[in-house]
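Here's the structure, in structure tokens; my notes come after.
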Amino acid sequence: MRIGVDYYPEHWDRQLWEKDAQLMKEIGVKVVRLAEFAWCKLEPIEGQYDFKWLDDVIEIFSVRNIEIVLGTPTNTPPLWLYEKYPDAIQVNESGERQFIGIRGHRCYNSSSMRKYTKAIVEAMTERYANNKAVIGWQIDNELDATHCCCDNCTEKFRGWLKNKYSTLENINKEYGNVVWSGEYSAWSQVTAPLGGSPFLNPSYLLDYNRFASDSMVEYIDFQREIIRKNCPSQFITTNTWFTGNLPNFYDAFENLDFVSYDNYPTTNEITDEEELHSHAFHCDLMRGIKKKNFWIMEQLSGTPGCWMPMQRTPKPGMIKGYSFQAIGRGAETVVHFRWRNAIIGAEMFWHGILDHSNVKGRRFYEFAELCREVNKINEEIPDYKINNEVAILYSSDQDFAFKIQPQVEGLYYLQQLKAFHNALIRLGVGTDIINWSESLNKYKVVIAPTLYLTDDNVTTELYRFVEAGGTLILTNRTGVKNMNNVCLMEQMPSNLKECAGVVVKEYDPIGHSIHTIKDEAGKVYQCKQWCDILEPTTAKVIATYNDDFYIDEAAVTVNKYKKGNVYYLGTVFNSDYYIELLSKILDEKELPYYKKLPYGLELSVLENENGKYLMVFNNSNEIKCFEGKHEGKSIIRNELDGKSFTLEPYGIEVLQLVE
């Protein structure tokens, strides 16, 4: 458990390097990330490398026992490369090459880009392989499943399709290309998605996103092999995010040592209740990718803003609180972006720890306090794990398929997952967010929102889970299509209808209209966006619609199947219904939860060989009182706390539990 910073010595005069490193040491910074955007300084002329300045920086930090993560600088190739090898630049959906001088516009499949990627990564790793201060490598920066439409990508996509389908006849059949006379008769007719039209075949678009993700993964592995060969004792990761075309995270990190994530909680006022815990959701998802703790490689440090209007300045407590939020979700190292506000370039208003004035301000002193507290806690909890018995299933394929053909205004795949996650946080229940194809053996409750695409292996595991006594929650838009994004000719939820004990006889995409349902006790709840009109076969109806032509029709059901239960939610709710339903399910499964946890509080239970630790984070701008279940000793203040205590806005407490 440690705190670090992202540092850009190439932006600053040398006299600042020593001062910055010394100040970092004094306040307890343990690690810095360097060089991920510095290609033009490392190779100013093709084939001529200059590592002297980086050697000096590493030495400055090394003598102060601050460890180094080096980034491969391939996100920002130098202009000489783009000028000489324009095929290295991405082509957009209009068939135009992107403008040079902007980051992230390299093509993963360009042979020129691969050639010079290999050269710079070989040179860096050979030089720093035996440098004890360098503990690891970050590959590139914030890669995504870029939809490049250049000739290289088109040719590679054809090869990808040949490997998957063998023949054009098979592609035509699986995609249904007969629609609008879209059948291929020659491989030359297969292109990247030029035009970017939503009228393009949805099966083709889903496959192109898979290809784009695979291209990104291949580029990661291309660099990983070089680094692993030259630096076998140093870790390898890459930093991902939740912007752009999201890749298959599980493929991306399969061969890397751990996940790294760039975490920028909003500093603006949150008016949507369901977005309050959005970044807790992201962190839980990151932990679930490799089922172990992860790093934050970029963490909020100040006012965000560059190519967009600036957001609000972080309120007192936010910098420390959001760092602890990530730690409580499994982030064993939190690296803050950035040490200094840039005074040059496009990111000069994406604020860091030290302002343009170079005067230590409120954010600096809060960051220093964070470093002290994390270093203290690390002495007590040097290694920890998070063990949960509730899981939410995530699939990048589902997410992208939903984006290709939006179902109704307001209904988004990730929001469906976040709604359940938000309710579980409100109940103080820890949740794993895992790949939808994972084994479910360790869980008692599994939530599988919007299984829009149907996979036979996933279906088999879900049946096995329920048959063994697990509780499964399904939602609307389940069992709509096969994995090629083609609609199934059977009643939803298709191959899950036996265990669900229900079929969808009709549906109504209501969008932003508000309807209501009534539960067994006669309590009324609002619903929105989508209404599946359900017809039970063996399931019990536990809520009915209260509006429209389907008044009194089934809205929510539960079915006893073998040793387990399957709930089917035909509509989308506000948090009150999810909280009510999940409370009943948690009672049934004898899982602990908090009935009256104040709004905004987030709980995490950390475990190691010394016992269990409860982290409580007040994710709100109000003082909150926590009513606990166990006595505990405060790790931060080294004193015994009772079961109850108050937290300042964005405040944090860590207790060693006395059970």
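Note that Cβ sites are derived from N, Cα and C of the backbone, with glycine treated the same way.
What Swiss-Prot lists as active site, proton donor is Glu142. In the three-state DSSP assignment, the secondary structure recorded for Glu142 (active site, proton donor) is coil. Sequence-distant contacts of Glu142 (active site, proton donor), defined as residues of its own chain at least six apart whose C-beta falls under 8 angstroms from its C-beta, comprise Asn75, Gly104, Asn239, Thr240, Trp241, Thr243, Gly244, Asp262.
The feature active site, nucleophile is assigned by Swiss-Prot to Glu298. Classification of Glu298 (active site, nucleophile) by DSSP places it within a strand. Just so you know, the Cβ of Glu298 (active site, nucleophile) picks up 24 other Cβ atoms within 10 Å once every protein chain is counted.
Every protein chain considered, the tally of other Cβ atoms within 10 Å of the Cβ of Arg103 (substrate binding site) stands at 14. The substrate binding site feature in Swiss-Prot is assigned to Arg103, Asn141, Trp307; the stated evidence is similarity to another entry.
Residues annotated as Zn(2+) binding site in Swiss-Prot: Cys107, Cys148, Cys150, Cys153. Its own atom aside, the Cβ of Cys150 (Zn(2+) binding site) has 22 Cβ atoms within 10 angstroms in the protein chains shown. Secondary structure from DSSP puts Cys150 (Zn(2+) binding site) in coil.
When Cα-Cα distances from Cys150 (Zn(2+) binding site) are compared across the recorded positions Arg103, Asn141, Glu298, Trp307, the shortest belongs to Arg103. Across the residues annotated as binding substrate (Arg103, Asn141, Trp307), the widest Cα-Cα separation comes to 18 Å.
In sequence order, Gln90, Val91, Tyr108, Asn109, Ser110, Thr146, Cys149, Asp151, Asn152, Thr154, Ala192 are the residues of the same chain, not among Cys107, Cys148, Cys150, Cys153, whose CB sits within 8 A of the CB centroid for the Zn(2+) site. Rounded to a whole number, the distance between the Cα atoms of Cys153 (Zn(2+) binding site) and Asn141 (substrate binding site) is 21 Å. Sequence-distant neighbours of Cys107 (Zn(2+) binding site) (same chain, 6+ apart, CB under 8 A from its CB) are Asp87, Ala88, Ile89, Gln90, Val91, Met113, Thr146, Cys148, Cys150, Asn152, Cys153.
Note: the Cα of Trp307 (substrate binding site) and the Cα of Glu298 (active site, nucleophile) are spaced 18 Å from each other.
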